[in-house]
């Protein structure tokens, strides 16, 4: 998170940390005691999930640690985009979401809570907050990762603001959010984490420019409400 600040410790009980072995790779959101929603591009063969975390380098008695028993990326996400390649015009990062089934249900506590799925669309002009343990330095070649979860206020912008800024496709299944003045953004390591608007989960951090936080180059977030039925059906079909 660029241009943000440490989140209040007890303000994010649904925030998940998605690990590859011992390295945090992405954020996520607890949407059911046994399911975490994250970005499809966070997929790997050994995801683990930590809940109830705030400072990743402190021993926190609120923490709960899980293995992932099943990873279900959205079937329409183009996995070939994950191979190293030069970005081409009109690449399409749509459907960038994935459900992770925990090896056992989370214990619901003050520090670990389920976030409901959205029931109505967010309006352009709404100020939302993005959360993550991603880089606080905008230069992707030299990321600087914070100990504590960071929060930043970002505005929901017209899709045209993103369309004008990026060569990859901007579609109706994405939210465009940021600060046109620059200096506030999500960044590498924030992927899959939540964009919360008026207390409602509306987006998952998906993709953006490099470096992060450039003026007139807002980032893209998977529009969760577009996938509500898929999320509910996937959880129901894999009890």
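Positions of Cβ are set from backbone N, Cα and C atoms, glycine also.
Small disclaimer: the values here were computed from a predicted structure and weren't measured.
Under the heading domain 'Peptidase S1', Swiss-Prot lists 1-236, citing sequence analysis as support.
For 7-151 (among others), the entry in Swiss-Prot reads disulfide bond, with the evidence type sequence analysis. Under the DSSP three-state reduction, residue 151 (disulfide bond) is assigned to strand. Around the Cβ of residue 151 (disulfide bond), the same chain contributes 1, 4, 5, 6, 7, 8, 11, 12, 129, 130, 131, each under 8 angstroms and 6 or more positions distant in sequence.
Annotation note: residue 26 (disulfide bond) sits in a strand segment as assigned by DSSP. Swiss-Prot lists 26-42 (among others) with the feature disulfide bond, giving sequence analysis as the kind of evidence.
The annotation active site, charge relay system is assigned in Swiss-Prot to 41 (among others). Taking the Cβ of residue 41 (active site, charge relay system) as reference, residues of its chain lying under 8 Å away and at least six apart in sequence are, in sequence order, 77, 81, 82, 93, 96, 191, 206, 207.
Look at residue 78 (N-linked glycosylation site): DSSP puts it in coil. If you draw a 10 Å sphere around the CB of residue 78 (N-linked glycosylation site), it holds 14 other CB atoms from the protein chains shown. The N-linked glycosylation site annotation in Swiss-Prot covers 78 (among others).
Residues or ranges marked as active site, charge relay system by Swiss-Prot: 96 (among others). Secondary structure from DSSP puts residue 96 (active site, charge relay system) in coil.
The disulfide bond annotation in Swiss-Prot covers 128-197 (among others). The Cβ of residue 128 (disulfide bond) has 22 other Cβ atoms within 10 Å, all protein chains considered.
DSSP gives residue 162 (disulfide bond) a helix state. Residues or ranges marked as disulfide bond by Swiss-Prot on the basis of sequence analysis: 162-176 (among others).
In sequence order, 90, 91, 92, 93, 94 constitute the residues six or more apart from residue 169 (N-linked glycosylation site) in its chain with CB-CB distances below 8 Å. Residues annotated as N-linked glycosylation site in Swiss-Prot: 169 (among others).
Look at Swiss-Prot and you will find 187-212 (among others) tagged as disulfide bond. Taken residue by residue with DSSP, residue 187 (disulfide bond) is part of neither helix nor strand, so it is coil. Take the CB of residue 187 (disulfide bond) and look out to 10 A: across all protein chains shown you find 32 other CB atoms.
Summarising the annotation, Swiss-Prot assigns active site, charge relay system to 191 (among others). Residue 191 (active site, charge relay system) has a Cβ environment of 26 other Cβ atoms inside 10 Å.
When the disulfide-bonded residues 128, 162, 187, 197, 212 are ranked by how far their Cα is from the Cα of residue 42 (disulfide bond), 187 comes first. Here the disulfide-bonded residues are 7, 176, 197, 212, and the one whose Cβ sees the fewest other Cβ atoms within 10 Å is 7. The Cβ of residue 162 (disulfide bond) lies under 8 Å from the Cβ of 170, 174, 176, 218, 219, 220, each of which sits 6+ residues away along the same chain.
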